[in-house]
């Protein structure tokens, strides 16, 4: 069962050169063992040191880049609208598109992945007003972390973020129950069960959700 950490009110920026401090600032309940490990190949883009616990932030790659990204995000930021309209799935098909549609007020919740907890976009996002993140490691992957970004100034924000995590866990449970099936068949069957509601909480257009469900159905019929 996934139990993500949440920064409920956003976080305040901290002035530090130490890599450990910035991660704990956005992910306070991360296991201590994480900092005893050597930086992975993706971490090394942003930090330098023998272990994450003694590593320092790289000035250009993390500090300056985070400042640039935060400045960009502030120009794109909008207060929460009274009502949200459906968006095209294509608008949120990239990590930037996913969080940009949230901070610009187009939808209350989105999801993307990062390959390092030192990703400057992640840290910049967490400092925006009324923008919150739930972070948890992707299962069976040594690098990826899933980030659920949502509007804290909309009741739909955390509600949909929590429902995403519930659906994510449902899909994982189904995959485990179907462990005797081929990997592709497990993936498609579990997707069939959660896909429509997942599309709805991501605010995708109803027609696009219908098209995706038809695609999944066709894919299932070809596999079975």
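Placed from the backbone N, Cα and C atoms, the Cβ positions cover glycine too.
Per Swiss-Prot, the feature region 'Interaction with host proteins TAB2, TAB3 and ZRANB3' maps to 49-52. Confidence annotation: the region 'Interaction with host proteins TAB2, TAB3 and ZRANB3' (49-52) carries a mean pLDDT of 97 in the model.
Here Swiss-Prot flags 92, 98, 107, 111, 204, 208 as S-adenosyl-L-methionine binding site, drawing on experimental evidence. According to its DSSP assignment, residue 204 (S-adenosyl-L-methionine binding site) is in a strand.
In sequence order, 92, 110, 111, 112, 149 are the residues of the chain that are 6 or more apart from residue 98 (S-adenosyl-L-methionine binding site) and have a CB within less than 8 Å of its CB. Residues 92, 98, 107, 111, 204, 208 are the ones the record ties to S-adenosyl-L-methionine, and the longest Cα gap between any two of them is 18 Å.
If you look at the region 'Interaction with host proteins TAB2, TAB3 and ZRANB3' (49-52), the same-chain residues 6 or more away from its ends with a CB under 8 A from one of its CBs are 19-20, 23, 34-39, 43.
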